[in-house]
């Protein structure tokens, strides 16, 4: 059964445009509450990032959940992985995140966690969608849900993050710059690193509801690079608006992406005999990651793009680590979803154990030139991926790469974009192929 509302990462869109409207969120809260109540007494945690529309949608969801008889526990602004963790520790039936991740404040969205802190199973999402098409009813007044606020949510999550670091380990003397993207990590991330001993300079931690991800964070890393160089820091850490993505900058100002961070974490676990299986990447993971892991005899598999698919592959194989080059990194020995702060801590510990700088550690992975071009296709009725001219051109590029590269065309699960990716050994050749394919995709979408 196809989904009407849920994409690869929940429901997302422009605020005020259906379905990102208060009336829909009221109905969604009710439908979710009715679905979760089938498990018995229902308790749902609700958290959000720092965008201004979060207050409006929090109230709407709260009312809908209560109307269905679900008790609601409000977390306030918290990183997405913190909501997953707290859902688990409070033994709730589900957690709801109000966030549009790395998108600007004009967007917002909803995603759900199961009681185990994992992404909601497909069958539950489909049940919620079916309920959304039914008339909304209200339970008897004696069975209405109650609403409370968890005042120590941030402190609980800070202690959880610190517990992932051995008590014998300290980051004394480590000079960090941390970019919080004016987002959900703005309170907890600086506290975690400081309480573990690091000297922390904080950037972009003054959210006003409108500035989340604006020229900062993991999608705009230039100011972090400058701050690392000016402050002579050991490295910089950039989070996205909801705290499930992380990128780093080494002391030279070079960007260290999710593939490189994943390799550093996996190699450290491998060195200590604690890797347990292999590593899960995605179709977008750089070929260099696969080759570097192969040199260490570490198995590598590719999942579909999206951290939910990485997580599903990890669970099926009972492996520990996986991630995306965008900075979603999952460490199943600590978390049930991508957690940017936890991933950053694992990288810092790996560097400390090896006595390496981040710049030295990233040299072990030689990335192949990879060009990614996003092509917007708007309201076009043409499916560019099925167009004969696009399929023929893609096949010809694959043939030209002669087994020494890859071509990938895919639709974004959250935006009206086609992502054109070409990877190979010669950067000039790769860029030429990518630009030609992107131009063709744009032409057939007109």
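Cβ from N, Cα, C; glycine included.
Copied over from Swiss-Prot, here are the features:
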ACT_SITE  101  active site, phosphoserine intermediate
BINDING   101, 240, 242, 244  Mg(2+) binding site
MOD_RES   101  phosphoserine
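Residue 244 (Mg(2+) binding site) and the residue listed as 'active site, phosphoserine intermediate' have their C-alpha atoms 8 Å apart, to the nearest angstrom.
For the pair formed by the residue listed as 'active site, phosphoserine intermediate' and residue 242 (Mg(2+) binding site), distance between Cα atoms is given as 5 Å, rounded to the nearest Å. For the Mg(2+) site, the Cβ centre of 101, 240, 242, 244 serves as reference, and the other residues of the chain with Cβ at most 8 Å from it are 49, 79, 80, 99, 102, 183, 184, 239, 241, 243, 245, 340. Taking Cβ-Cβ distances under 8 Å and a sequence separation of 6 or more, the neighbours of residue 240 (Mg(2+) binding site) in its chain are 101, 102, 181, 183, 213, 217, 218, 219, 246, 327, 340. Around residue 242 (Mg(2+) binding site), the same-chain residues six or more apart in sequence whose CB sits under 8 Å from its CB are 49, 79, 80, 97, 99, 100, 101, 102, 183, 184, listed in sequence order.
Taking the Cβ of residue 101 (active site, phosphoserine intermediate) as centre and 10 Å as the limit, one finds 28 other Cβ atoms among all the protein chains shown.
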